[in-house]
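Features as listed in TrEMBL:
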type	residues	note
TRANSMEM	12-34	transmembrane segment
DOMAIN	23-481	domain 'Major facilitator superfamily (MFS) profile'
TRANSMEM	80-101	transmembrane segment
TRANSMEM	113-136	transmembrane segment
TRANSMEM	177-201	transmembrane segment
TRANSMEM	207-229	transmembrane segment
TRANSMEM	293-314	transmembrane segment
TRANSMEM	360-378	transmembrane segment
TRANSMEM	384-403	transmembrane segment
TRANSMEM	423-445	transmembrane segment
TRANSMEM	457-478	transmembrane segment
Amino acid sequence: MAWPASFHRGTLVSRFSHHHGVVFLLTFFSYSLLHASRKTFSNVKVSISKQWTPTAFNKSVELPVETWSSNRLFPSAEEATLFLGTLDTIFLFSYAVGLFISGVVADRLNLRCVLSFGMCSSALVVFVFGTLTEWLHFYNKWFYCCLWIVNGLLQSTGWPCVVAVMGNWFGKAGRGVIFGLWSACASVGNILGACLASSVLQYGYEYAFLVTASVQFAGGVVIFFGLLVSPEEIGLPGVEAEEHFEEDSHRPLITGAENEDEYDPGYSVQEGDAARTQVGAISFYQACCLPGVILYSLAYACLKLVNYSFFFWLPFYLSKNFRWKEAEADQLSIWYDVGGIVGGTLQGFISDLLRKRAPVLALSLLLAAGALVGYSHSPDSKSINALLMTVTGFFIGGPSNMISSAISADLGRQELVRGSSEALATVTGIVDGTGSIGAAAGQYLVSLIQDKLGWMWVFYFFILMTSCTIVFISPLVVREIGQLVRRRQAHPLSE
């Protein structure tokens, strides 16, 4: 296998300064903190469900029957569980709507201010939702729903901003492995949220929300004062100026064209030089019409449904299905994220070597179906369950991380928008927003399927959605495999 020219010239090292490292870490941990606050909610679902049901089912507080009965939300734990699934759905739908808006807004305003505002405001909402309401013993379904809608809108500012900042600092050279490693921020956030929640859960679920909200608010302050959104802010050349000197700068990964004749400008709504000379932020419609955006968005809708179902429901599943303690289930669920971290990094590295993303995704998703079958039959053993969980995370979380980070960056930096430095957040918002719509619908379906048919049918549903992901990217897979074959035929000595 021939290495890309950028690897031979050492661009992954020589062009990086300490500013790149600082940006990498700040964006990494800013989104990790946002995910940690989301993970806290999934980790304390059992405690919340007990708190919201009658005394006969509730063991988490010591209140007089009359006091509790006047404050309880649901007559049974089953109805409380269904409402928790509804809250997940509400959050993800508002998050999805917010992503479509935030991407466009972030491309037109200061990315640092938008990200910092989203983090600090979301932290305040999480504090009110999980801590203040419990301290005041105020339980109201509509109030919870309204807070979670606002939280979804505020949290949606995070991903488009951090991907856009990373895209401003890191070019095509090694983007797969760099973004693959960086996209572990969501999984690290899940691990952080699980550890923080389990460490204070014995004192009450409200303290889990308090800790994560406080850390997130502090992170937002650090971002406001410390993040540089682009190299131009300190006089360094931008990534587009550097890529101008790359031999393959006019053949981005996402278009897959191996020569100028192979590239088809009619593949986009933009025509010829008009698209190449476009300046400033592009419109939402123009971003949707870029090559690959719609197909990857639909694929991500199916894949994020599965990935976020594990994110939201895995601790609950382990606690209910295997009767393990809630804190133990929280800690065990970390292994799914570990698999996603390794999968995203390794698969990103392989896609860099191939200079193609879709075939790597397709192979991983085919193996993911088998991993889901294996995990659905996991025995009542923590070690075996953790192993199967890690493998499942590798083949599902890895491709999910690639689509949401490296592939989104490819889509927003492809040649058709080379004249626009303000397209990346919009494209990222479209891809992640569509994915979040699928994930939102999925969370309600998971709670419904589990209640009516059981957990095994939930896993059948996951396998179906994984198969749909493969179907959506299949045109890109066929196209890119054909280009790989033609490249081998044209350059037989390079192998």
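Cβ coordinates come from backbone N, Cα and C, glycine included.
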Looking only at residues six or more beyond either end of the transmembrane segment (360-378), which have a C-beta under 8 A from one in the stretch?
303, 343, 347, 350-351, 354, 384-385, 388-389, 391-392, 394-396, 398-399, 402-403, 455-456, 459, 462-463, 466-467, 469-470, 473-474, 477
Check the domain 'Major facilitator superfamily (MFS) profile' (23-481) for me and report the mean pLDDT.
79
Do any residues, 6 or more residues outside the transmembrane segment (293-314), come within under 8 Å Cβ-to-Cβ of it, and if so which ones?
38-39, 42, 88, 92, 190, 287, 329, 333, 336, 340, 365, 389, 392-393, 396-397, 399-400, 403-404, 407-408, 411, 427, 430-439, 441-443, 446, 458, 462, 465-466, 468-469, 472-473, 475-476
For the transmembrane segment (423-445), distant same-chain residues with Cβ under 8 A (at least six beyond the ends):
85-86, 88-93, 95-104, 106-107, 111, 156, 159-161, 163-164, 167-168, 281-282, 284, 287-288, 290, 293, 296-298, 300-309, 312-313, 403-404, 407-409, 411-413, 417, 461, 465
Hey, would you say the transmembrane segment (384-403) packs against the transmembrane segment (177-201), going by three or more CB pairs under 8 A that are 6+ residues apart?
yes
The transmembrane segment (207-229) and the transmembrane segment (113-136) contact flag, 3+ Cβ pairs under 8 angstroms
yes
